[in-house]
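Undergrad: Residues or ranges marked as domain 'G-protein coupled receptors family 1 profile' in TrEMBL: 43-294. The feature transmembrane segment is assigned by TrEMBL to 12-29, 34-53, 73-91, 103-122, 199-224, 244-263.
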Amino acid sequence: MSNLQNTTSSSIIFLLTGVPGLEAFHIWISIPFCFLYITALSGNSLILFAIVTQPSLHEPMYYFLSMLSTTDLGLSISTLVTMLGIFWFNARKISFNACLSQMFFIKLFTVMESSVLLAMAFDRFVAISHPLKYATTLTDSRIAQIGVAIVIRGTLTLTPMVALLKRLSYCRSLVLHHSYCFHPDVMKLSCTDTKINNVVGLTAMISTVGVDSILILLSYVLIIKTVLSIASPEERKKAFSTCISHIGAVAIFYIPLISLSFVHRFGKQAPPYVHTMIANTYLLIPPVMNPIIYSVKTKQIRRAVIKILHSKDI
């Protein structure tokens with residue numbers, strides 16, 4: 001495509017990228033990604049099914065876990081088609097509107113995951129710091145309101161960021177550097193001033209993921225303060241143990257996110273395939289690991305999953 005091309009959004013076709021330099025091995029590379037997708041989809045579906053069908057799991061903590069599994073399923077499905085399409089069929093073309101839709105849902109489920117992790121931190125804070133008020137604070141209706149607020153918050157915050165891409169003209173090579181549509185990647189192809197887009201995008205992420213991370217940290221400062229005031233070592237251990245799964249979920253969400261940011265800023269000398277592989281796996285790590293963490297560390301979830309799997313065998 002000509003670098004001098006000036007194209008309106010209605011006729012744009014972007015070209016997605018697989019793993020640069022390793023195109024001949026795309027079929028082999030697809031094998032671990034297929035395994036990760038199968039693990040993410042089956043694991044989160046099993047967690048959801050267990051929470052819906054087991055009355056013993058109809059509690060606030062597990063309702064929030066069902067929200068986490070739902071966002072993880074959405075995040076996995078958002079990238080599955082384009083990523084495996086490139087690896088299996090070299091299907092690199094994606095229209096502008098399809099690209100915007102994929103970008104919106106990837107960002108939406110990422111922001112929703114951050115919001116759900118914040119809600120889960122609040123759940124642990126109330127359970128440990130104000131146990132007598134737990135049942136009256138986190139009622140079913142209030143949890144439903146939190147779920148709706150999470151969706152509305154993400155939609156209202158991200159819609160302007162994605163919609164503003166329609167005002168840009170694209171006059172450079174229309175080759176994206178990932179196997180899915182990534183907001184900064186699309187902006188780099190524009191020959192229009194993108195200052196407004198940069199400001200809106202940065203504001204959206206700071207006001208969601210950035211604020212959530214600070215509030216989660218604050219929640220754990222207050223939780224630790226409460227736990228340290230407990231006299232009995234056994235009670236302290238029991239209180240901390242209820243947070244282990246959530247701490248693991250927070251770590252596997254924020255550490256890859258921060259790592260990807262560092263690689264983009266300070267790893268410019270690394271081969272292109274390193275950036276691509278990290279970008280591809282960063283969206284899959286939370287959906288794959290969250291069901292494993294909660295199944296291993298949460299006795300009630302583990303028992304429910306084993307019960308369901310055992311009933312299927314019968």
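Backbone N, Cα and C define each Cβ position, glycine as well.
TrEMBL: automatically predicted annotations, no manual curation.
Can you tell me where each of these features sits in the structure?
TA: Within the same chain, residues 82, 86-88, 90, 92-96, 99, 170, 174-181, 186, 189, 271-273, 276-277 sit at least 6 positions outside the transmembrane segment (12-29) and bring their C-beta atoms closer than 8 Å to a C-beta of that stretch.
Outside the transmembrane segment (199-224), and at least 6 residues removed from its termini, the chain residues within Cβ reach (under 8 Å) are 107, 110-111, 114-115, 117-118, 121-122, 124-125, 128-129, 153-154, 157-158, 160-161, 164, 183-184, 187, 239, 243, 247, 250, 254, 257.
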Undergrad: Can you tell me which of 73-91, 103-122, 244-263 gets the most C-beta pairs within less than 8 Å of the transmembrane segment (34-53)?
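TA: It is 73-91, which has the most Cβ pairs under 8 Å.
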Undergrad: What else in the chain is close to the transmembrane segment (244-263), if you only count residues 6 or more beyond its ends and a Cβ gap under 8 Å?
TA: 68, 113-114, 117, 120-121, 124, 209, 213, 216, 220, 270, 274-275, 278-279, 281-282, 285-286, 289-290, 293-294, 297-298
